[in-house]
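**Student:** Sharing the features that TrEMBL gives for it:
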{"type": "DOMAIN", "residues": "1-70", "note": "domain 'AIR9-like A9'"}
{"type": "DOMAIN", "residues": "81-166", "note": "domain 'AIR9-like A9'"}
{"type": "DOMAIN", "residues": "181-259", "note": "domain 'AIR9-like A9'"}
{"type": "DOMAIN", "residues": "275-358", "note": "domain 'AIR9-like A9'"}
{"type": "DOMAIN", "residues": "372-463", "note": "domain 'AIR9-like A9'"}
Amino acid sequence: MGGTEGSSRVQWFKTNSSTLNGENELEAMSTSKVAKAFRIPLGAVGCYIVAKYTPMTPNGESGESVYVITERVVETLPPSLNFLSITGDYSEGGILTASYGYIGGQEGKSIYNWYLHEVENDMGTLIHEVSGLLQYRVTKDAIGKFISFQCIPVRDDGIVGEPRTCLGQERIRPGSPRLLALQIVGDAVEGTILSVEKNYWGGEEGDSVFRWFQTSSDGSQCEIRGASGSSYMPTVDDIGFFISVSCEPVRNDWARGPIVLSEQIGPIVAGPPTCQSLEFLGSIMEGQRLSFIASYIGGERGDCLHEWFRLKANGIKEKLSSDEFIDLTLDDVGRSIELVYTPIRKDGIKGNSRSIISDEISPADPVGLALVIPDCHQNQEIVPQKTYFGGQEGVGKYTWHRTKTKPNGLVLTDISSSSEDVVMCGQTFSTYTPSLEDVGAYLVLQWLPTRVDGQSGKPLVAISSSAVIP
């Protein structure tokens, strides 16, 4: 009262006493202001609030100040959050930071948790490693998922408020592919395997691209053709050169990172002469030619040794040859062949011998190679001349015929049914003694060559060159 009010002023205080005993016992919480509203600070909890009002006229004349005190002390609100947010980089390796506003007395040890979500509305999986932290460095296992942060406000007296959760704005993206480290592991020796040891970063690795290089002592470099894997075995062509490898990191979605070149290893030195692999070429059968193929490393190849042995049943080895091949014979049937290969470098250095042993040599199919009937005379035993091939010969089947007319070659293939003139005159035995009935007739012998195990071959037929002489 007192005319028109001007810019009256208010100043706020707090006090521990419920009665006013002068301004000296009050603690100011603001300066004297025109504004009448006042937000009670946390420091006023447990105290009484006092407002000092100083009226003023429009011309600046002030009146006597008056005081008013609250009826009870200021109480705290229950703990709660007035905002919650996540900021930062939503990609692998990025840092996300959670921020919140706490109200409700003095904050105690509020509870922080981060969660991973396959979809936006699922329950999520707790990330134990960052519980209690306001920052999270995004890891590889979060790629493609959503991130959320939950805060449970806790007052210093242990009172717990309602939890509040903030979900990230987007799914976590993989980081750009790159290599954190790249080196070659292995010895700089011909024939040993050099491997790539690398540390890839940036999502799930796909088919990263490797290239191997050969560098001479003068620094000139060329790519090694055909070397595109994560390992490489130096050859004789690499001796004296340095080896390096480059890697272009590729993510599984084909995103590519910067190419990294390793340090060089070398120079490559010749390895000891070594036979890496040794195998037979050819059929393990009587009558076949057996050779071999050997893989050599260890500098420039010299005149390597190769020796063939026949292994007998009593364990004795019989040397057969030092040629590039052997022809298997009847003597080899039922036995094994051993090849001993000794690698020798051009400078004469010998390596360790390597050997391989064949399966038992199998016999060939029984075959009659030749059959000849000598001149025939009455009452003189005929012993035909024959040549057999195909394992150990058994007891063959022999059938003798006579015919007045000398058959041609086509008829000989089925002599028993070729003509009514053909008469069987003897069977079973390989020899035959012509009788009077045979005089003037031609003799025909059909031989069924048979192996000792009973297997038979195709029949062979022979005819005497002249009729039986009396």
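Here the Cβ of each residue, glycine as well, is placed from N, Cα and C on the backbone.
What you are looking at is a predicted structure, and each value in this text was computed from that prediction instead of being measured.
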**Student:** Taking only the residues in the domain 'AIR9-like A9' (372-463), give me the average pLDDT of this model.
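**Tutor:** 85, rounded to a whole number.
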**Student:** Over the span of the domain 'AIR9-like A9' (275-358), count residues by DSSP class, listing helix, strand and coil in order.
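**Tutor:** Breakdown, helix to coil: 3 helix, 47 strand, 34 coil.
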**Student:** Per DSSP, what is the residue tally for the domain 'AIR9-like A9' (1-70) in helix, strand and coil?
**Tutor:** 6 helix, 24 strand, 40 coil
